[in-house]
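Under the heading domain 'Dihydroorotate dehydrogenase catalytic', TrEMBL lists B:5-292. Residues or ranges marked as FMN binding site by TrEMBL: B:Ser22, B:Lys46, B:Thr47, B:Asn129, B:Lys171, B:Ile197, B:Gly223, B:Gly249, B:Gly250, B:Gly271, B:Thr272. Positions annotated as substrate binding site by TrEMBL: B:Lys46, B:Asn70, B:Ser71, B:Ile72, B:Gly73, B:Leu74, B:Asn129, B:Asn198, B:Thr199. Here TrEMBL flags B:Cys132 as active site, nucleophile.
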Amino acid sequence: MVQLKAKIIYNKKFKGDYWHCIIDAPLIAKKSIPGQFVNIKLSDTLEPFLRRPFSIHRIGSPAKGNFLPKTIEILYKIIGQGTEILSGRKKGEYLDIIGPLGNGFDYTRTHEHTNTRTILVAGGMGVAPLVFLSEKIKAKAKVALIGARTKAQVLCEKEFKNSGCDVKIATDDGSAGFKGKVTELLRQVLLTNSRTHELTNYIYACGPKPMLKAVAGIAKKYRVSAQISLEEHMACGIGACLGCVVKTKTGYKRACKDGPVFEAQDII
Amino acid sequence: MKPNLSVNIGKLKLKNPVMVASGTFGYAEEFSDFMDLKKLGAVVTKTITLNPRQGNSPPRTCETPAGMLNSIGLENPGIEVFIREKLPFLKKLGVPIIMSVASEDGPEEFVALAKRMDKIKEAAAIELNISCPNIGHRSNLPPKLISQDPKATYKVVNSVRKVTQKTLITKLSPSVTSISEIAMAAQAAGSDAIALINTLSGMSIDVEKRKPKLAVVTGGLSGPAIRPIALKMVWEAYNKIKLPIIGMGGIIDISSALEFFIAGASAISIGTANFVNPKISIEIMSGIRKYLARNKISGIEKLIGSLKI
C-alpha cells in the first residue's frame, strides 16, 4: 500500500445521485485486487476529519485498450458531508489517497475453471467492487444479480454484460426485472442449477447488511461457497485502531485489514 | 546550526521528542509501509493486559466535529502473545519501545505486568494506562477510572515502582476536577513522567434511530476538538510538578505540536492524526527542527515551558 497525491481525471454524475470518479494512480492500480479499497482524505480542513473508504470499482480502462492499469475508478452516492465534498472536486485537482487496502475477493477458485459458475450478487452501491471482479474472472459461466429499490437505481447493468455476465435484475417495486429481493433471485438461480448439477457455484456478494445476511443464509442452505464484502465505519483503514471489527467464528476481525471480504459462513 | 532535539524522560534518552500514542499505532507494523519507523523518538504500544481481551462490541468508532470517539475497549492478545508475536518486530526497529499496560483487576495486575516487562531488555519504559475510559462500563455509564482518584493513582504507581527500575510513565485522564492533584499523586508515588492526556469521556447519538453511535454508549473523544483542554492540562501540571510531561491531545501539525512544548511538555505524542496521515509524526518532527533553526533556538529543551506571560 502507498500514500500519494493523485490527480482526478474524471468526476461526474452518471445516474441519479450516483457519481463516478476516475483517479490517476498507477502505483495503486497495478496492485489492486477486486474487493480492496482506497482511503481518501476528502478535504484539507478538519471537516470531515477522517479519511473515507471507497471500494475500487475498476482499474485502468480496459474498454480503451490500456494495457497497464494507470487509473482507479470509484463509484459513490452523495450521502453525507464527505461525499458532498468529493462531488465538488474538479478534474485536475489532487486527492490524498492511500491504497490498495484490505483483503479482496479470492477468485482463484472460479478463475478460468470451466466447471464452475460465478454468481455475483450486488445490492445498490454493492455493484462497485463486483464489476472489477467480473472483469477479472475469465470463466465463461457468470451471472450477475443486481438488486435495487427501483429502476433508476439499477447500476452497472452494461458493465456486467460487457464483462460476459448473464444479468438478472430485481427491484423492490418491480419497475425493472423481478419484483422482489435480489436474494430471491439468487435462490431461484441456485435451484435451477441444483437440478442439473453441472456446475459448482461460487457466490460473491456486496451490498447492505440485511442482504448479505440473507445471502449467507441461502449459501448455507444450498451448500454453496460465498464471499461477502462488508462495509463498516473505519477510522484508520490500515488495521491499527481496531475500530471496524466484525464478529466472526474466530473472534473479532478487522474489516479494513482482515476484510472487507470474508467467507460468509465465518461471520456471526 | 543544527538544533538538538534530544530529551530525557526519566532514565530514557530520546533522540527526538516525537512519539506515537498508545492505541493509535498498533504495534508499529501497520505503519511500516508509509514511513521510516527508525526516525520516531519512541513508539508507545497499543495497551497490553495480562490476559487476552476481545474488546467492546462494535460499532466502536464514530466521527465527531474535529475528532472522533472510540470505544475499542483495549482489545489486545495479552502479554504472552504480545511478547511472542508482536515484540520481535518492535525489537528490530532500533527505536525505544514504551510498553503501555493496563489492569482489568486492580493494582496486582499492574504489578504482575511490570514484573514481566522488567525482564524484557527492549522495554525502554512502562506506561501505566490508568485512564482508559473504555473498560469496566457500569450499566452503560462510563467506568470509574483509577486516575480519577489521587489515592488509587498513588497506590498503583507506588506498587509498580517497587518492582521495576524501568522508567515509569503514568498516563492520566482529563475527566477530573484537578489534573495537578492527580499528577502530584503520581509524582509522590515514584513515577518518572506523566503522560497527558488520555481521551475525554464522551458520546454521540444517531437521532433517526435514537441510538448511541457507539455500541457501549460512551467512548473516548480524541482529535483537535480536545486540544485546548489537553494544552491547558499540560500547562497546569507543568506549573505544579517537577516530572517531565509527555503532551498529547489533538496534535495534527507542526504548530499544534509546538504549542505543547511551549506549555511545558518535554515530549509529545501523535495520536488520532496517525489515522489521517500515517507519516504525520515524521513530518512534525522535521518541522520542529526547522522551527528551532529558524528561531535560532539551540535545542528543544530551551523551548519547554517557555510560554511568555
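The backbone N, Cα and C atoms fix where each Cβ goes, glycine too.
TrEMBL labels come from automatic prediction, so no person has curated them.
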Next item on the list: Around the recorded substrate site, report the further residues of that chain (criterion: Cβ within 8 Å of the mean position of the Cβ atoms of B:Lys46, B:Asn70, B:Ser71, B:Ile72, B:Gly73, B:Leu74, B:Asn129, B:Asn198, B:Thr199; site residues excluded), sequence-ordered.
Entry: B:Gly23, B:Thr47, B:Cys132, B:Pro133, B:Asn134, B:Ile135, B:Gly220
Checklist line | binding-site residues among B:Ser22, B:Asn129, B:Gly223 whose Cβ lies under 8 Å from any chain A Cβ | finding: B:Gly223
Next item on the list: Sequence order is fine: just name those recorded positions in B:Ser22, B:Thr47, B:Cys132, B:Gly223 with a Cα within 10 angstroms of B:Thr199 (substrate binding site).
Entry: B:Cys132, B:Gly223
Checklist line | Spatial separation of B:Cys132 (active site, nucleophile) from B:Gly223 (FMN binding site) - C-alpha basis, Å | finding: 16
Next item on the list: Would you count the other CB atoms within 10 A of the CB of B:Thr199 (substrate binding site), including those on all shown protein chains?
Entry: 28
Note to self: Suppose you look only at the domain 'Dihydroorotate dehydrogenase catalytic' (B:5-292); what would the mean pLDDT be?
What the structure shows: 96
Margin query: Measuring Cα to Cα, how many Å separate B:Gly73 (substrate binding site) from B:Lys171 (FMN binding site)?
Written below: 16
Notebook entry, point to check: Among the binding-site residues B:Ser22, B:Thr47, B:Ser71, B:Asn129, which residue has its Cβ surrounded by the fewest other Cβ atoms within 10 Å?
Noted result: B:Thr47
Item checked: Surrounding CB atoms that lie within 10 Å of the CB of B:Gly223 (FMN binding site), all protein chains -> 26
Note to self: Give me the CA-CA distance between B:Ser71 (substrate binding site) and B:Thr47 (FMN binding site), in Å, as a whole number.
What the structure shows: 14
Next item on the list: Only counting partners 6 or more residues apart, tell me which same-chain residues put their Cβ under 8 Å from the Cβ of B:Lys46 (substrate binding site).
Entry: B:Ser22, B:Gly23, B:Phe25, B:Gly26, B:Tyr27, B:Asn76, B:Ser100
Check: By a simple count, how many Cβ atoms lie within 10 Å of the Cβ of B:Lys171 (FMN binding site), its own Cβ left out?
Finding: 28
Next item on the list: Give the maximum pairwise CA distance in Å, whole number, for the residues B:Ser22, B:Lys46, B:Thr47, B:Asn129, B:Lys171, B:Ile197, B:Gly223, B:Gly249, B:Gly250, B:Gly271, B:Thr272 listed as binding FMN.
Entry: 19
Next item on the list: Between B:Thr47 (FMN binding site) and B:Asn129 (substrate binding site), find the distance joining the two CA atoms and give it rounded to the nearest Å.
Entry: 7
Item checked: Listed binding-site residues among B:Lys171, B:Gly250, B:Thr272 whose Cα sits within 10 Å of B:Asn129 (substrate binding site) -> B:Lys171
Next item on the list: Ten-angstrom check, please: count other Cβ atoms within 10 Å of the Cβ of the residue listed as 'active site, nucleophile', all chains counted.
Entry: 24
